[in-house]
Amino acid sequence: MEAEDGRGYNVPCPQCSEINWAISDEGRYYCMSCHTIIEKTREVEDSEVFVNLGKIQYISRGLRKKRKQEKGWEWYVCEGFQFILIKQAESLQALGVAPQIKDEIICTFWRRYLQKTNQAYVKRPVYRNTLNLRESDSSATELDSETDEFSDGITTDASDRLSVATEDIASGSESAVSIQSGSVDGVSHTKMSKNWKPWNYVKMSMPMTLAFCYLALLWLRASITLSDLLRFVFEKRIPYFNAHQYLPEEIKLYGQDVRIFRMQSFPVYNDILNKAYELGHYLDLPRFPEIIKNCYLHPNVLCMKYLMEANLPDELHHWTCQVAEKTGTDDLHLLTFDPACKKARHIRYDVQAVALIIVVLKLLFALDDNTEWQLSTFAERMNQRDKEKPIFEFQSWYQTVRSCYEKAQQALEEEYGRFTWKSDCLLYYSHTSKAVLQKRKQMSENLHRQFSKLAGAAPDTGKQGPSSFLFKWDEQNTDRICFHGHSLEAILQQGDKPATAINTHYWLNSLKKCKSRICQHSELYEQSNFPRSYHFIVSLFAFLLRVEHCVVHHEVCLIEETFFQEFQGKKNKQKQKPRKQN
C-alpha cells in the first residue's frame, strides 16, 4: 500500500534532522529517509473513522501477524546454548573425536545440568519464577500460570533441533518475549546473581560451553588437550566467536541476548580449566576414566609429543620419564579427575608435560647463560672429529628454533590483527538502534570493498587442515635441521651405565613455598629476573600452548618443589645437631 503524503508536518526528524515525512496505513508519521517512526498520528474526522473501520481492523490484524513472524520463536537462553553445544560437538567429531562425544557424553552432561539448575527434567521448572522477574512491555500480559512443564515440552528432531511446547500460550500474546531481549528469560538470566539458588555455583555462558567440551574430551581421554581446544577455537574450527550464526533463523537475538551470546575476547586457559572443574563438581559427576600409561594425556606421551614439537632429541624422553616418576606426576590417581575430591589440584596436562621438559633441560644444561654454551662448544668439537653420528649442539638448536619461532610469532600477531569480531548478521540491543546500525554496517562494507580494490586481492593460501603440531621439522626440501635423532654424548658422563649428566649445577626458581592466603606469585613473571636461555625456552613452550609465561613458569616451580623436596629434607637433617644424652 502506498503511504500518504505528510508534507504538512514541518518538524525535523530527531534521527536524521531531515523533513521528509509520510503517513503509514496506521496513521502514524514516519521519516522516509531513515524510517524512524514518531508518536504523532494523523488527525481524521469521525465520519472517516466509521467508513474505514473495517479496513483499519483488517490492516492491524495483518501487521500483528507480520510482527509475530519477525519476532520468531519464543525461546529460552538454555535452548540457544544447546544449539551451540550441538554444533561444537559436531565440530569435534569432524576433528576426529569419537562419535559418542555428542549423543552420549555432552548430551548426558547437559541433561544433568538442566536438572541441577531446575530448568528441565523436574516437576517445577525455574522458569515459572523467572518469568515474574522479567521486565515486560506495557502492552504485554502475563503468561498463564498453568503452562506445561519445560521438561515435558522438549523434543529433538532429526536435525537435533530443540523446541519447547507452547500450545498453552495464546497466539496473539506478545508477553513471552521482552522488549529488552529476544528470548523469554534473557533479562533475568543477565541479572541473576550467583548467590541466588539454583545458580549459586554455575551460570551458563559461552566460556562454559568450552568447559562442557573439555570435560567430554577428558572423559573420552581424547587426543586433544585444552591448549589444542583453544587453538581450534581461535582458528574458528569450533563455533565460539559469532556462534549465534549457527542458531536457526527463527531464534532472534537482540537486547540482552547479544551480551550473552556475543564474545569479544579470546578464551583464557586458566579460566576454562577452572570452569571445567567447577562444572564437574557442580554436576556431581563420577570419577573419570583413569589416565593410564598409553593414554594421550599421560605425561610420558605428552612429553614425547612436545619434544618433537620443540625439535629436541628423542633421548631426553628417558630423562623426562625419570623426573615424572620421582615427582609422582605419572601417578594415575593424581592424573585422574575425581569431581568428588574438591581439594584436588587442577591438572594442566599439557603445561605439566612442558614443565617436565624444562626441568630436564635445567638438569642437563643448567640454562644459566654459561654452562649450556660451554657444553655446546664441546659438542661442536666432537661433531668435527666424528661426523657419522650427530651430537646435539645447544647453540645450533637455539639458532634454528629461534628463527622459526620468531616467524611463527609474527604470523600469529598478524592473525590476531586480522581477526574479525563482527558477524555477518546484524545484532542490535534495541529496535530504535537497528536503523543506525544498518547504516553503519553498510558504510563499513562499502569502505572495506573500496580499500580492498585499492590494495589488491590478497593471495589465497588456503586454510590448512587441523594438526596437533605447529612446526614440522622432518619435512624435506627445507633448510631446517632436525635434532630428533641427535645424541647426548657431549653432556653425559662417559662409561657410566646409569647415565649421569656432566653438569652438577642447578638453580631453583623458588626456595620457599608461599603460605599467604592471597598469593599472586603464579601470575607474576619478570623476564629480567631469569637467564635469557631459560626465558627463551619458557617463551617457546608458552607460544606452543598459547598461554602466558607465568603459567609455564609456575608449573616448573611446582615440579621443582616436589623434585628437590627429598634432597632438601636430607640436607636439613644433616644440619640438625645431635641431642646430648644425660
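Cβ coordinates are placed from backbone N, Cα and C, and glycine is handled just like the others.
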4-39, 400-435, 508-543 - the one Swiss-Prot records as zinc finger: 4-39
Region 'B-linker' per Swiss-Prot - which of 70-74, 380-384, 440-444, 445-449: 70-74
Segment assigned the feature region 'B-reader' in Swiss-Prot (from 40-69, 460-489): 40-69
Site with most surrounding Cβ atoms, counting all protein chains shown within 10 Å, from the binding-site residues C16, C31, C34: C31
Same chain, 6+ residues apart, C-beta under 8 Å of the C-beta of C13 (Zn(2+) binding site), given in sequence order: I19, N20, W21, C31, S33, C34, T36
Helix, strand and coil totals (DSSP H, G, I; E, B; other) for the region 'C-terminal cyclin fold' (257-367): 63 helix, 0 strand, 48 coil
Secondary structure content of the zinc finger (4-39), with strand meaning DSSP E or B: 0 helix, 12 strand, 24 coil
C13, C16, C31, C34 excluded, remaining Cβ within 8 Å of their centroid (Zn(2+)): P14, Q15, S17, E18, N20, M32, S33, H35, T36
